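What Swiss-Prot records for this protein:
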{"type": "BINDING", "residues": "GLY86, ASN117", "note": "anthranilate 1 binding site"}
{"type": "BINDING", "residues": "GLY86, 89-90, THR94, 96-99, 114-122, SER126", "note": "5-phospho-alpha-D-ribose 1-diphosphate binding site"}
{"type": "BINDING", "residues": "SER98, GLU232", "note": "Mg(2+) 1 binding site"}
{"type": "BINDING", "residues": "ARG172", "note": "anthranilate 2 binding site"}
{"type": "BINDING", "residues": "ASP231, GLU232", "note": "Mg(2+) 2 binding site"}
Amino acid sequence: MFSNLSNSEILNNLLEGRDLDDLTSRSLMQRWLNDKVSDVETGAFLSALRAKGSTGVELSSMAEELLNVCDLPVARPNLYLVDTCGTGGDGANTFNISTAVAFVAASCGVKIAKHGNKSASGKVGSADVLLNLGLNLNCSLEKVINAVNEIGITFLFAPVWHKSLIKLAPLRKTLGIRTVFNQLGPLVNPLRPNAQVLGVASEDFLKPMGSALLKMGMNRAIVVHGSGGLDEASLQGENKLVFVENGELRFSEINISDFNHENIANEKLVVSDFQSNDEILKSVLNGSGQKSHIDVVALNAALVLWVAGIEDDLNEGFNKALISINQGDPWKKFLLLKNYLSEN
């Protein structure tokens with residue numbers, strides 16, 4: 001079923017700028033999973049893929065192979081699930097916007113299956129902040145899945161579900177560059193969500209990530225690259241979007257000014273340390289946060305409400321998110337999840 005090309009032949013193709021087809025992409029991932037690629041070869045593959053740029057076929061094929069070895073301990077909930085996991089790696093050191101967005105969207109009725117990890121860069125990862133706020137990430141996998149049914153939101157800690165990739169972590173850290181695995185992370189949620197808002201740190205990722213989501217059968221999705229280089233929709237200016245719907249990609253832009261709100265520089269969203277990040281996240285969720293923090297979360301939550309089919313008008317979604325935040329509903333949702341995952 002898989003490619004007969006040797007590792008060196010695949011590498012030569014990449015170095016010469018040739019895209020990998022479906023079978024070769026799947027074969028390469030299988031070799032990683034089965035320890036058929038040396039550290040030296042892995043470093044070369046990752047560097048060559050980064051230099052060439054990954055395609056939608058390469059990303060979707062590799063992601064499918066990762067998902068094929070990720071077994072669920074219980075049946076997937078029969079729900080329309082949405083994820084807010086992005087690539088990270090924008091280097092902007094903003095507070096963890098996508099995590100706040102997940103709880104805001106859940107408080108508005110979206111069934112959220114949030115996939116995430118600890119930080120692999122200077123930015124605070126979703127798992128870091130949730131651990132600091134007391135969320136139990138060591139409970140049974142059955143409970144993690146059942147939380148979606150019981151609470152309407154759950155968090156899937158990536159290393160627990162993708163143990164086969166742990167061995168690559170030291171090498172990726174040594175390389176110190178964004179690799180194809182940064183792009184694969186948002187594509188390998190074990191619960192295979194029906195819809196997703198996926199932030200990317202590079203404008204070059206918009207089309208391939210959108211194409212990958214399309215090939216993987218996503219019902220609705222938005223891939224977003226924020227003004228100023230954020231991997232979230234930004235308040236600073238024009239944000240570039242790719243809408244995935246009805247088997248097609250549609251390119252668009254949005255600006256916070258479209259929502260009758262003023263533009264605000266990304267620097268207003270920066271945090272200096274873990275404690276600041278935790279405090280900001282809590283203040284946004286309970287409705288006591290700064291206007292810039294609340295607005296950027298509401299803007300991104302509007303995108304989630306669109307992919308979930310709850311609000312087809314982004315302005316309506318933005319206002320719905322603001323109302324929920326001002327009532328403190330997202331923080332109540334967080335506490336429900338925290339208490340549920342802490343129960344024996």
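Yeah, the Cβs are placed from backbone N, Cα and C, and that goes for glycine too.
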Counting across all protein chains shown, how many other Cβ atoms sit within 10 Å of the Cβ of THR94 (5-phospho-alpha-D-ribose 1-diphosphate binding site)?
25
GLU232 (Mg(2+) 1 binding site) as reference: those binding-site residues from GLY86, SER98, LYS118, ARG172 with C-alpha within 10 Å of it:
GLY86, SER98
When DSSP states are folded down to helix, strand and coil, where does HIS115 (5-phospho-alpha-D-ribose 1-diphosphate binding site) land?
strand
Whole-number Å distance separating the Cα atoms of HIS115 (5-phospho-alpha-D-ribose 1-diphosphate binding site) and ASP231 (Mg(2+) 2 binding site) is 16
If you count the other CB atoms within 10 A of the CB of HIS115 (5-phospho-alpha-D-ribose 1-diphosphate binding site), including all protein chains displayed, you should get 25
Please name which of the binding-site residues listed here, GLY86, ASN117, ARG172, ASP231, is nearest in space to THR94 (5-phospho-alpha-D-ribose 1-diphosphate binding site), Cα against Cα.
ASP231
Give me the non-local Cβ neighbours of SER98 (5-phospho-alpha-D-ribose 1-diphosphate binding site): same chain, 6+ apart in sequence, Cβ-Cβ under 8 Å, ordered along the sequence.
THR84, CYS85, GLY86, GLY116, SER126, VAL197, GLY199, GLU232, ASN300
Does DSSP put THR94 (5-phospho-alpha-D-ribose 1-diphosphate binding site) in a helix, in a strand, or in coil?
strand
LYS118 (5-phospho-alpha-D-ribose 1-diphosphate binding site) and ASP231 (Mg(2+) 2 binding site), compared by Cα position, are separated in whole Å by 16
